[in-house]
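Enquirer: A single structure is presented below for examination.
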Amino acid sequence: MGRFIFVSFGLLVVYLSLSGTAADCSSSWSSYEGHCYKAFKQSKTWADAESFCTKQVNGGHLVSIESSGEADFVAHLIAQKIKSAKIHVWIGLRAQNKEKQCSIEWSDGSSISYENWIEEESKKCLGVHKATGFRKWENFYCEQRDPFVCEA
């Protein structure tokens, strides 16, 4: 009896220590660092892609890339899931006009903590570029229709 309790307690400790390490993503989404991601092949404008992401899952937005590890994960996800991407794939970064001052922030409202620009230009919406293995950010016209990645 004592051995059963000891083994049961040990299994409970292992379960509890592992239960917080991955996001609780549905089967069609991929998990990385506690967040869920899904790449979509259909082409949408930046605004339509952002709207689509918010309707997919509670807390969903276009992807916010906050580290080089996350950039590598997203690039790999795009390469796996969106083989038809011609030039670029939308991410959640966009220039916002706030009280006549332009600020760049992620569509989920978070500030930029990691940067990976190809070059800064005057266009307002950003995507990851195919020529860089979908790792570098580049400005594109917001009305272009392209694939995208959602994050929750």
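Keep in mind that glycine also has a Cβ here, set from the backbone N, Cα and C atoms.
According to Swiss-Prot:
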type	residues	note
SIGNAL	1-23	signal peptide
DOMAIN	24-152	domain 'C-type lectin'
DISULFID	CYS25-CYS36	disulfide bond
DISULFID	CYS53-CYS150	disulfide bond
BINDING	SER64, GLU66, GLU70, GLU151	Ca(2+) binding site
DISULFID	CYS125-CYS142	disulfide bond
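I'm curious about the neighbourhood of these features; can you describe it?
Expert: According to its DSSP assignment, CYS36 (disulfide bond) is in a strand.
Just so you know, the Cβ of CYS53 (disulfide bond) picks up 26 other Cβ atoms within 10 Å once every protein chain is counted.
In the three-state DSSP reading, SER64 (Ca(2+) binding site) counts as coil. Sequence-distant contacts of SER64 (Ca(2+) binding site), defined as residues of its own chain at least six apart whose C-beta falls under 8 angstroms from its C-beta, comprise ILE91, GLY92, LEU93, TRP106, SER107, ASP108, SER110, GLU151.
Cβ neighbour count for CYS125 (disulfide bond): 24 (other Cβ atoms within 10 Å of its Cβ, all protein chains included).
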Enquirer: In sequence order, which residues at least six apart in the same chain have a CB under 8 Å from the CB of CYS25 (disulfide bond)?
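Expert: Set apart from CYS25 (disulfide bond) by at least 6 residues yet with Cβ under 8 Å, we have SER31, CYS36, ALA152.
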Enquirer: What does DSSP call GLU70 (Ca(2+) binding site) in the simple three-state scheme?
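Expert: Note: GLU70 (Ca(2+) binding site) is helical by DSSP.
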Enquirer: Name the residues of the same chain, 6+ apart in sequence, whose Cβ is under 8 Å from the Cβ of GLU66 (Ca(2+) binding site)?
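Expert: Set apart from GLU66 (Ca(2+) binding site) by at least 6 residues yet with Cβ under 8 Å, we have SER110, SER113, TYR114.
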